[in-house]
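**Student:** TrEMBL lists these features:
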type	residues	note
DOMAIN	A:12-75	domain 'ATPase F1/V1/A1 complex alpha/beta subunit N-terminal'
DOMAIN	A:113-200	domain 'ATPsynthase alpha/beta subunit barrel-sandwich'
DOMAIN	A:219-440	domain 'ATPase F1/V1/A1 complex alpha/beta subunit nucleotide-binding'
BINDING	A:GLY239, A:PRO240, A:PHE241, A:GLY242, A:THR243, A:GLY244, A:LYS245, A:THR246	ATP binding site
Amino acid sequence: MEKNDKTTGTVTGIIANLVVVDVNGPVGQNEICYILHNQERLMAEVIKITEKQAYVQVFENTRGLKPGSKVEFEGHMLEVTLGPGMLSRNYDGLQNDLDKMEGVFLKRGEYTDPLDREKKWHFIPLASEGDEVIAGDWLGEVEENGMPHRIMVPFKLQGSYIVKSVAKEGDYTVDDEIAVIESTNGESISVNMVQKWPVKIPIKTYKEKPRPFKLLETGVRCIDTLNPITEGGTGFIPGPFGTGKTVLQHAISKQAEADIVIMAACGERANEVVEIFKEFPELDDPRTGKKLIERTIIVANTSNMPVAAREASVYTAMTLGEYYRTMGLKVLLMADSTSRWAQALREMSNRMEELPGPDAFPMDLSAIISNFYSRAGFVRLNNGKTGSITFIGTVSPAGGNLKEPVTENTRKAARCFYGLSQDRADSKRYPAIDPIDSYSKYLEYPELQETLSKTLGEQWLSNVLKAKDVLLRGREANEQINILGDDGVPIDFHERFWKAELIDFVILQQDAFDQIDASTPLERQKYMLEKVLSIVDAQFNFNHFEEVGNFFKRVINQLKQMNYSEFKSEQFNNFEKELDDILNEFSIEAEETQQATA
Amino acid sequence: MKSQAFQKVYTKLDNITKATVSLTAKGVGYDEMAIVNGRMAQVVKIMGDQVVLQVFSGTEGIPTNAEITFLGNPPQIKVSDELAGRFFNAYGQPIDGGPEIDGEIRDIGGPSVNPVRREQPSQLIATGIAGIDLNNSLVSGQKIPFFADSDQPYNQVMANVALRAKADKIILGGMGLSNDDYLYFKQVFDNAGALDRIISFVNTTEDPPVERLLVPDMALTAAEYFAVDKNESVLVLLTDMTLYADALSIVSNRMDQIPSKDSMPGSLYSDLARIYEKAVQFPTGGSITIIAVTTLSGGDITHAIPDNTGYITEGQLFLRRDTEIGKVIIDPFRSLSRLKQLVIGKQTREDHPQVMNTAVRLYADAANARTKLENGFDLTDYDERALNFARDYSDKLLAIDVNVDTDTMLDIAWELFAKYFSKAEVGIRKDLVDKYWKENA
């Protein structure tokens with residue numbers, strides 16, 4: 001699509017942000033153009049071409065736009081600018097630096113540079129003269145907020161190149177030449193620290209994309225223990241409003257074991273984005289000792305910002321993630337909410353008068369969603385290093401109905417499902433992830449099973465599966481109790497129900513606002529799961545159903561106190577000792593010993 | 001908005017539908033206003049030299065030789081301090097018999113605030129209604145609707161909230177307001193002597209429904225003038241947003257758009273968000289707070305309108321009739337203010353969060369006891385006490401006729417705790433119990 005003479009055109013039709021342009025030359029699908037309106041240049045993207053007419057979606061409000069306005073086509077698709085200095089920035093969906101914009105209100109047609117062109121970076125060469133390199137190979141690195149930021153052979157280059165020269169260690173701006181490489185036919189190319197890449201095309205300069213095999217620790221027990229996500233895995237969180245989607249997402253992004261966190265606030269409340277803006281610079285990063293914001297990029301397109309840019313925002317965020325992945329880093333990408341992105345697609349499909357699919361969403365929604373999710377993943381780079389993008393999207397199902405098209409289609413694409421339940425939220429059982437409906441396909445991966453048994457012991461997987469069984473049996477028992485009444489069922493049913501409650505209260509429920517409970521390291525999760533399962537396995541001697549509830553309430557309280565205490569601290573150990581005393585009181589063995597001595 | 005001498009007058013319409021007309025015209029801008037035989041209209045589609053106009057009051061009686069003039073601008077409003085105390089229609093024209101407003105002309109529906117320039121909302125808005133202040137505190141810069149069935153007194157509650165909130169300006173956007181309700185608002189504001197800080201944009205049921213679409217933008221553009229130019233705190237009341245959404249669906253239907261859920265346009269979320277997200281705390285001190293009404297049909301919150309609203313707004317308030325005390329209360333279970341955490345216990349007394357949660361928990365115990373009772377099971381002593389507590393709690397705190405300050409609300413709650421429960425049953429942090437427990441209540 002590269003060309004020298006720019007195609008131009010004239011506006012002939014306007015329906016909201018869909019504009020029809022008569023063109024005088026070649027145009028490409030998804031090509032970017034600017035509509036000249038008075039003093040403003042409004043950015044737009046080609047979404048359909050019929051003969052001499054291009055249909056473009058404008059990333060801005062089209063108020064006042066008139067037929068006859070000139071249009072300039074750029075010859076490339078929507079691109080992001082990649083280079084050092086992106087961490088801790090706040091971008092809009094088109095990668096404009098929001099902090100560089102003037103005034104309180106967003107101005108139409110104002111586009112700002114995503115990078116700092118003045119700042120000098122300390123460059124250390126990694127490649128040397130004579131090396132053979134291909135796109136994505138590392139030429140050198142600079143340090144960005146304490147993180148190694150590799151300067152790579154531009155992704156757009158095809159074939160192999162010979163390094164002619166690399167700059168010496170020293171301070172350079174992003175636009176300074178840091179290397180010259182030469183193609184096999186003798187063309188030499190100057191490389192600096194900046195490159196551009198179209199957001200809708202995946203960056204594929206890696207060697208292979210193996211199946212994920214390593215658990216990504218999030219510190220959230222009902223994810224890590226029950227339905228773990230992997231490095232390079234995909235997951236989604238559907239939930240009606242008010243079930244704690246945002247709190248859960250923030251918790252994961254604060255705690256997860258990732259080098260880079262990218263948050264795409266896609267069509268959500270502005271005040272929630274403000275919360276991230278204000279909170280992340282304050283939060284200490286337990287992994288680096290710095291502030292969390294220093295390894296975070298926020299891509300914010302709030303619900304009142306232009307709809308077309310909302311669609312672009314998730315692609316922008318994904319492309320930034322792929323860039324950092326190619327540096328061998330672990331990226332966590334969170335998108336809140338992918339439903340808003342789907343709605344943006346629906347609005348546009350509607351204006352183009354396409355035949356609609358279910359709920360008026362475009363027919364290819366399913367393909368669009370799975371293509372997007374497939375860009376995440378764990379990759380092995382050409383130099384043998386690895387990188388990953390773990391992607392978690394939230395879905396806001398209309399009316400809380402999980403059968404609606406966005407949820408259904410995301411379910412086909414994402415490997416982990418964390419369904420938030422209204423009932424759990426109503427009874428304040430947070431995080432409200434439904435333990436029975438939710439799943440992680442990764443648990444079935446032999447690759448992950450192998451790493452889990454290496455790191456957490458051979459028993460781990462069977463323990464996890466057992467915990468799930470106990471939860472399911474507890475739910476069944478509870479249904480029976482509700483139908484037949486407390487004394488209409490054997491005591492055994494109450495025991496089953498309360499053993500499930502035990503796992504629910506101690507493992508699943510977690511206080512995101514408590515300093516200690518908010519994040520549980522894997523080692524501690526293992527300890528607690530084993531503790532709880534040892535109670536589940538124990539035999540107790542109850543004479544009446546009320547005894548069962550009273551006993552387990554005491555046990556749960558003790559274990560919850562342990563959750564709130566520093567791991568293996570004196571306090572923790574004391575609570576555990578008290579717990580063991582309670583257990584001994586009721587265990588059958590204890591009784592037998594007593595009888596024996598008597 | 002009168003036609004001016006140099007403007008071209010078109011006299012031929014090519015097509016007429018129920019809500020739109022189209023004609024051949026040149027040099028017309030998108031969103032531009034026009035007058036068709038004296039009726040206000042707006043450009044909704046341009047294709048070549050064919051311009052489609054949406055006629056707000058409908059096309060009944062419009063002939064193909066109607067006179068059409070384009071005004072060269074989008075819908076606008078004149079803003080100045082003269083707005084205060086006045087009543088306008090959806091076009092911003094006075095309907096109270098007073099003179100035209102002098103002021104700066106502004107386009108309505110202007111740009112969004114840059115999210116990095118927003119401040120985090122932090123100022124408590126006290127309403128005196130404990131169901132709100134105690135359980136669901138409002139914060140300036142927040143947007144929150146009442147979810148109410150149409151027979152509930154939401155307009156009365158909203159009028160009370162507006163008068164008691166210490167806002168510099170109150171702007172009422174009435175959409176499909178019945179004439180009686182319009183007169184009610186007028187009278188209440190007048191009686192309270194608050195008319196000089198109130199501005200109303202009203203579309204009543206007697207006006208054409210599509211005109212409603214202009215009301216929120218009129219109200220919010222006026223709000224932005226006071227909040228940005230004058231650094232004032234502005235409270236915007238929007239009633240009823242369900243009727244606004246209905247008008248959206250009428251227009252999209254007439255324009256042959258494919259409807260999505262509940263025959264609402266596919267863009268409903270963006271359309272509502274554009275309005276609600278005007279709620280903001282500005283760095284310069286001014287703020288816009290939006291309290292809206294979304295009427296439900298039979299309490300169904302899964303309908304597209306309340307559902308989309310719930311994803312946009314920062315919580316929702318539910319009204320419910322408590323038959324035990326014969327009053328309307330703010331439902332403590334289903335109501336939620338997402339921003340209350342920013343102020344409770346910080347701008348209010350330290351015991352606020354714990355008292356709030358405990359009272360709601362005990363109220364939930366009473367609800368369980370009531371279920372037991374209805375199912376014919378015996379009640380325990382605790383159940384009885386919980387039920388009695390619930391009755392008092394409902395009457396003295398949740399009812400919408402309560403009007404006390406927050407400290408008094410907390411004191412009342414402590415009195416009720418002591419009257420019906422032991423300290424252990426209440427289970428509040430010990431240092432707070434030591435300080436606030438009302439022994440001999």
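Our numbering is plain: 1 for the first residue shown, then up by one each step along the chain.
Note: Cβ is positioned from N, Cα and C throughout, glycine not excepted.
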**Student:** In the same chain, which residues outside the set A:GLY239, A:PRO240, A:PHE241, A:GLY242, A:THR243, A:GLY244, A:LYS245, A:THR246 have their CB within 8 A of the centroid of the CB atoms that define the ATP site?
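**Tutor:** Filtered neighbour residues, in order: A:SER396, A:LEU420, A:ALA425, A:ALA432.
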**Student:** Can you list which of the binding-site residues A:PHE241, A:THR243, A:GLY244, A:LYS245, A:THR246 come closer than 8 Å to chain B, going by CB to CB distance?
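**Tutor:** Listed binding-site residues meeting the cut-off: A:PHE241.
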**Student:** I want to verify one value. Collapsing DSSP to three states, which class is A:LYS245 (ATP binding site)?
**Tutor:** helix
**Student:** Validating a neighbour-count step here. Other CB atoms within 10 A of the CB of A:PRO240 (ATP binding site): how many?
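**Tutor:** A count of 23.
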**Student:** In the structure shown, which of the binding-site residues A:THR243, A:THR246 has the fewest Cβ neighbours within 10 Å?
**Tutor:** A:THR246
**Student:** If you count other Cβ atoms within 10 Å of each one's Cβ, which of the binding-site residues A:GLY239, A:GLY244 has the most?
**Tutor:** A:GLY239
**Student:** Taking the Cβ of A:LYS245 (ATP binding site) as centre, how many other Cβ atoms lie within 10 Å?
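**Tutor:** A count of 25.
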**Student:** For a three-state summary based on DSSP, what are the helix, strand and coil counts in the domain 'ATPsynthase alpha/beta subunit barrel-sandwich' (A:113-200)?
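**Tutor:** Within the domain 'ATPsynthase alpha/beta subunit barrel-sandwich' (A:113-200) the tally stands at 0 helix, 42 strand, 46 coil.
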**Student:** Taking the Cβ of A:PHE241 (ATP binding site) as the centre, count every other Cβ atom within 10 Å, in any protein chain shown.
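**Tutor:** Cβ-Cβ neighbours of A:PHE241 (ATP binding site) within 10 Å number 24.
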**Student:** Could you put numbers on the helix, strand and coil content of the domain 'ATPase F1/V1/A1 complex alpha/beta subunit N-terminal' (A:12-75), residue by residue per DSSP?
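**Tutor:** Tallying H, G and I as helix, E and B as strand, the rest coil: 0 helix, 40 strand, 24 coil.
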**Student:** Have a look around A:GLY242 (ATP binding site) and count the other CB atoms within 10 A of its CB, chains all included.
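**Tutor:** Step by step: centre on the Cβ of A:GLY242 (ATP binding site), count other Cβ atoms within 10 Å, giving 19.
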**Student:** Which whole-number mean pLDDT does the model give the domain 'ATPsynthase alpha/beta subunit barrel-sandwich' (A:113-200)?
**Tutor:** 96
**Student:** In the three-state scheme derived from DSSP, which category covers A:PRO240 (ATP binding site)?
**Tutor:** coil
